[in-house]
Amino acid sequence: MDRVLSRADKERLLELLKLPRQLWGDFGRMQQAYKQQSLLLHPDKGGSHALMQELNSLWGTFKTEVYNLRMNLGGTGFQNAERGTEESGHSPLHDDYWSFSYGSKYFTREWNDFFRKWDPSYQSPPKTAESSEQPDLFCYEEPLLSPNPSPPTDTPAHPAGRRRNPCVAEPDDSISPDPPRTPVSRKRPRPAGATGGGGGGVHANGGSVFGHPTGGTSTPAHPPPYHSQGGSESMGGSDSSGFAEGSFRSDPRGESENESYSQSCSQSSFNATPPKKAREDPAPSDFPSSLTGYLSHAIYSNKTFPAFLVYSTKEKCKQLYDTIGKFRPEFKCLVHYEEGGMLFFLTMTKHRVSAVKNYCSKLCSVSFLMCKAVTKPMECYQVVTAAPFQLITENKPGLHQFEFTDEPEEQKAVDWIMVADFALENNLDDPLLIMGYYLDFAKEVPSCIKCSKEETRLQIHWKNHRKHAENADLFLNCKAQKTICQQAADGVLASRRLKLVECTRSQLLKERLQQSLLRLKELGSSDALLYLAGVAWYQCLLEDFPQTLFKMLKLLTENVPKRRNILFRGPVNSGKTGLAAALISLLGGKSLNINCPADKLAFELGVAQDQFVVCFEDVKGQIALNKQLQPGMGVANLDNLRDYLDGSVKVNLEKKHSNKRSQLFPPCVCTMNEYLLPQTVWARFHMVLDFTCKPHLAQALEKCEFLQRERIIQSGDTLALLLIWNFTSDVFDPDIQGLVKEVRDQFAAECSYSLFCDILCNVQEGDDPLKDICEYS
């Protein structure tokens, strides 16, 4: 045995078989270890392809060398036996495998010669007439129970019922490859020399065992070939040391049987695990389609669920039904579907689908397994307990709908629409301002100081506090306050943009005037006189100011290309900025700083989106008529914005964090000091108003601090009052003529024409406009 493999290959083979060195040559244990390691190392079982290939190579070499060693043991191989005999009348051809099969005359003669070399006192077993007449394969054994051997019987026995000699190995088809054989007849004559005492038993160390036959047994004419199942049987018994007799086919069959036997005994069968037979009923690839709507189909999700459905074989589902207690199911049921089974269970705690599947996969290493979470437990239970499903068992009698429904709890949430309506009614486009109002509304209404005063500047609060108090309480504990307010502000901007698209500029002007008249209508007597003082101040600002204001409003409303821009030019403190601010307040617009660098001008112009008018405030130029003025980049920037000023084509306006929007740039009111304008810029202004310093107007403002504190001069309501005070109601839109007349009558009741003339005289004299008329506080 030491010559079978090299020392390195022998140690490597024992290492792969995981056997100690002293078991080298014990073919039975080595073959058993080979089967175990093949299951572990096979790639289909999760093993290593390289190790499996190496093990097959070494094991194939080992078996081939053992076979060659056995055939040439002691220098006397079967090849040296006589090839013919006159006794049998059968002359085997060269290398005829069946000529030296177990029990034949040549087999007996060969081994008798072998034993005589080792034991000169060895004698062949005696031949009997009975054994000659009825030849069979058997061996002599020592009697253990009785000193006298039982008489021979002629009772035939099946080959499977023969007694086994412990010193001789069972037939093994997997030891040697199928040698070439000569086609012979099925009913060939049996050699006369092949008698029942054809040979003695052999010990593992080569010694002989002598005994007496227990009787000859007849064999069928065509004994079936030996086929190993699940691998080759061991070459020897558990106490053999490596030398044992191989197995051979007792009788050749037809061509199909020879081919099948050759394939089963081919050397390639030892190089890899034989392929598994395909299942007659392949495992399903998914749950039945009737359950699709009740299962979660998420694969890469860590979400936890309380209900699960496991799909496997019937046997595995029954086993899982008994062992699923690890998850402490509150309810579980076992159902059958076609050739498989399903386990449906609910737990009081939530688990991941992967955790349930990993636990079930320990019991389903071969059987198919599918596991999914159940999103609709009650509906799923109703389906799996009806046809075509079959309910087998459940731990409690069914599920009921009331187990999944709680008593309805009224959970009030913030009314987002109510917040949006509040912002839209008051034209609030600042999210923080909306949030501030609503947080203020959460206070108790009876104890609210702002509501008790009812001041004009607080009218948004005291008009809406009681209406929004309940919703504000919910808003106070809401986690989405900023989102709600941002959405409300976006709604105001969206409504404003929609108006610009759907309404004409005349309609927008009418709406703005209507809002101003409503505010004027709510003024008290003292506030009314204060606004009339502002009207008197404006009438002293420019000659025929009411007509000038009317022309400006008409110019800005009609928005004719190249005939729509207004320029206010004059020295410092001449009233330019105050009038421009009042126009912006009346019409709705924004003030822009155009003196910034050109790279920042794009975002500054983006503020003009959705505006009725804009104001370029305090534009600076390079050439000043007054040497005390500082130069700036405003006029140069205006010269680069000719398309913006003309209003003939749409321009792109952009804001931060938003896309560019293409629209016509709104008409502008530009204020500036005494700077020289180039002809290209001068041509863009259709109306130019030159302001001059009037000391009496400045003195009147200084002496009446309320005009400055309440910003009456910069208010658009002052200009609206000036219009209705100096023009008849026929000039206004018919829709607001009634309101115009009502507001005019209200102010006429507070201030007569003679009283207004007194206010006008006070302004022209540089005194307090309300001197000797009203004590304003």
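Backbone N, Cα and C define each Cβ position, glycine as well.
Summarising the annotation, Swiss-Prot assigns domain 'J' to 12-75. What Swiss-Prot records for 194-204 is compositional bias 'Gly residues'. The annotation compositional bias 'Low complexity' is assigned in Swiss-Prot to 228-242, 259-269. What Swiss-Prot records for 274-281 is motif 'Nuclear localization signal'. Taken from Swiss-Prot, the feature zinc finger applies to 411-505, supported by sequence analysis.
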Quiz item: So, by DSSP, how many helix, strand and coil residues make up the zinc finger (411-505)?
Solution: 70 helix, 0 strand, 25 coil
Exercise. Give, as a single whole number between 0 and 100, the mean pLDDT over the domain 'J' (12-75).
Key: 86
Quiz item: Per DSSP, how many helix, strand and coil residues does the domain 'J' (12-75) have?
Solution: 53 helix, 0 strand, 11 coil
